[in-house]
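Since the structure comes first, as structure tokens, the remarks are kept for the end.
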């Protein structure tokens with residue numbers, strides 16, 4: 001990407017959100033609708049509610065569930081995806097199940113798990129792992145399975161061991177799809193955390209946001225929505241930065257290939 005395009009892209013990334021916030025601020029400043037309070041009131045309540053009062057009681061427990069669930073889902077998905085990609089009989093055996101999982105909304109797992117196991121932090125964690133692992137597994141399996149035949153010939157020429165083949169060729173070449181799976185897995189983890197807290201939890205960001213909506217405290221509800229968006233954005237941004245650093249070689253090679 002040229003310097004000019006990069007500057008223009010950065011300006012759009014920064015300018016569009018700033019423009020939206022400015023329009024929201026001006027439009028809502030004199031609003032009389034109780035369900036759409038002024039943005040200045042929302043930001044004030046955001047600071048009072050989330051930066052002080054509920055930091056340790058609601059924010060940290062929710063983030064802990066998300067991070068642990070995301071870590072377990074990502075690890076299980078990558079390991080199982082690599083295994084299925086490398087063991088053809090096992091992949092063929094489980095292909096119908098994987099096809100089924102592609103078509104089922106992962107949120108559908110929540111009522112089934114809650115009905116059979118009750119509710120608690122462990123169950124919320126299980127919900128994330130059960131629902132967020134399949135997209136990670138499928139992305140990894142597809143990435144490892146789609147190795148360039150030329151690279152397979154190179155591996156045979158150099159007589160790489162199976163471990164070296166896996167760690168030096170298969171996993172690096174599948175890196176782009178693995179990170180795509182990680183982004184989906186992270187999004188699922190946040191969505192499922194919020195949904196599970198709204199169903200039966202007594203603490204957490206999702207619970208507090210739902211409670212504000214049910215008690216018609218609109219400013220608190222909007223402050224909760226703002227927090228969820230900010231946390232999700234920062235988490236996705238962090239993962240994107242890690243991807244750029246880890247896959248710098250891949251992006252460079254892809255750019256050269258496109259120019260060639």
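Placed from the backbone N, Cα and C atoms, the Cβ positions cover glycine too.
According to TrEMBL:
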TRANSMEM  7-27  transmembrane segment
TRANSMEM  59-85  transmembrane segment
DOMAIN    59-243  domain 'ABC transmembrane type-1'
TRANSMEM  97-119  transmembrane segment
TRANSMEM  125-148  transmembrane segment
TRANSMEM  169-195  transmembrane segment
TRANSMEM  215-235  transmembrane segment
Residue numbers, six or more beyond the limits of the transmembrane segment (125-148), whose CB comes under 8 Å of its CB atoms: 65-66, 68-70, 72-74, 76-78, 80-82, 84-86, 91, 98, 101-102, 106-107, 109-110, 113-114, 117, 169-171, 173-178, 180-182, 184-185, 188-189, 192-193, 196
Chain residues in Cβ proximity to the transmembrane segment (97-119) (below 8 Å; excluding those fewer than six residues from its ends, i.e. six or more beyond): 126-127, 130-132, 134-135, 137-138, 141, 188, 191-192, 195-196, 199-201
